[in-house]
Amino acid sequence: MPDFYAAYIAIAKAYRGKGDITTAEEYYNKAKQVDPKDARAYEGLGALYAELKRFGEAMGEYESGLRIDSTSVNLLNGLAYVYKEMGQHQKSIDYYNKSLRYEPENLSTQYAIADVYIQMDKPKLAIQYLKDIIVLKPNNMDVVRKLAETLLELKRYDEATAELTKLIANEPDNYYYHMKLGEAYRKQKKYKAAEAELKTAQRLAPDKALPLYSLVDLYIDWGKYGVGEEYASEALKIEPNNLYAYLLLGDIHERRGWNARNQWIQNKSTKNCGVLNTALSYFRNAISYYAKAKADPQCNQYSNNEIKRCTNWTEELEEDKWFYCKGGSQ
């Protein structure tokens, strides 16, 4: 006899993957009709509604599923996630802990508890929770990675550096770890150490643009704008459709324009009109790069804000140009 329940669940998942929510719901509900005592359909609907941020409906499905199978880790974790998203943090932790009773070694669940502590603005608890796991599993580098990522997220860069160093000792050819260590050094203004790590990351992953973006960020902070521009151009060769490189180029030209503007402000005179024109040129270039970058939704707001800033400075300098430089002939 055909297993209609499993078929309906599979079809529902397929439609969910395509973004056809209505049809996915229909097949999950068909599965319920075939076997109302199987919790998988409730789990699927709960996950679907949670993804859509329809948390009340998600909670209802997860709770119904748990009445059928109170030991389901997926249902317990699903309900814990919903409580977290609704800001009911203690209930979230309670359900994650219930889940751990049935799968005490489940790292995803343990990481989720640490994430709840961060959301509760209790970073010390999150860090201690992860460190306690490491005490029990000292050789588990996955937990060390999670701790390093958490420390980076919390801007505790010296502690993150120590954990990333452990990861690199275990996997010396992992470009991502070198890149993250370089970023941590950059945040601490240890620019030479950052450069060494980021160049190692670039060497280990010559076909990836991520280390190049990190190098550009470094050279912007370091004030080495020409070198940063070279790396941004290299990143565009690898990822010509990634508009983030244009945002970085905008930042480089904005910084250069800002420096020239400050020189002009310190010495507004006809003899210094070349500096004024240099500042104008950099700001116009920055506006052009930001205009390209803003087509990326992730870069849009930042780019629009920077375009406004650069436009304001350009207008200010244009007034000075008219007054001091007779239209900029100097």
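A Cβ is built for glycine as well, from the same backbone N, Cα and C atoms used for every other residue.
Because the structure is a prediction, the values reported are computed rather than measured.
Features of the protein shown, as given by TrEMBL:
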REPEAT    5-38  repeat 'TPR'
REPEAT    39-72  repeat 'TPR'
REPEAT    73-106  repeat 'TPR'
REPEAT    107-140  repeat 'TPR'
REPEAT    141-174  repeat 'TPR'
REPEAT    175-208  repeat 'TPR'
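Over the repeat 'TPR' (107-140) the predicted model carries a mean pLDDT of 89. Using a Cβ-Cβ cut-off under 8 Å and counting only residues 6 or more beyond its ends in the same chain, the repeat 'TPR' (107-140) has close neighbours at 73, 77, 80-81, 84, 89, 92-93, 96-97, 99-100, 146-147, 150-151, 153-154, 156, 159.
Residues 39, 42-43, 46-47, 50, 53, 55, 58-59, 62-63, 65-66, 112-113, 115-116, 119-120 of the same chain sit 6 or more residues outside the repeat 'TPR' (73-106) yet have a Cβ under 8 Å from a Cβ within it.
With helix defined as DSSP H, G or I and strand as E or B, the repeat 'TPR' (107-140) counts 27 helix, 0 strand, 7 coil. DSSP states for the repeat 'TPR' (175-208), grouped as helix (H, G, I), strand (E, B) and coil, give 27 helix, 0 strand, 7 coil. Residues of the repeat 'TPR' (73-106) grouped by DSSP class, helix first, strand second and coil last, total 27 helix, 0 strand, 7 coil.
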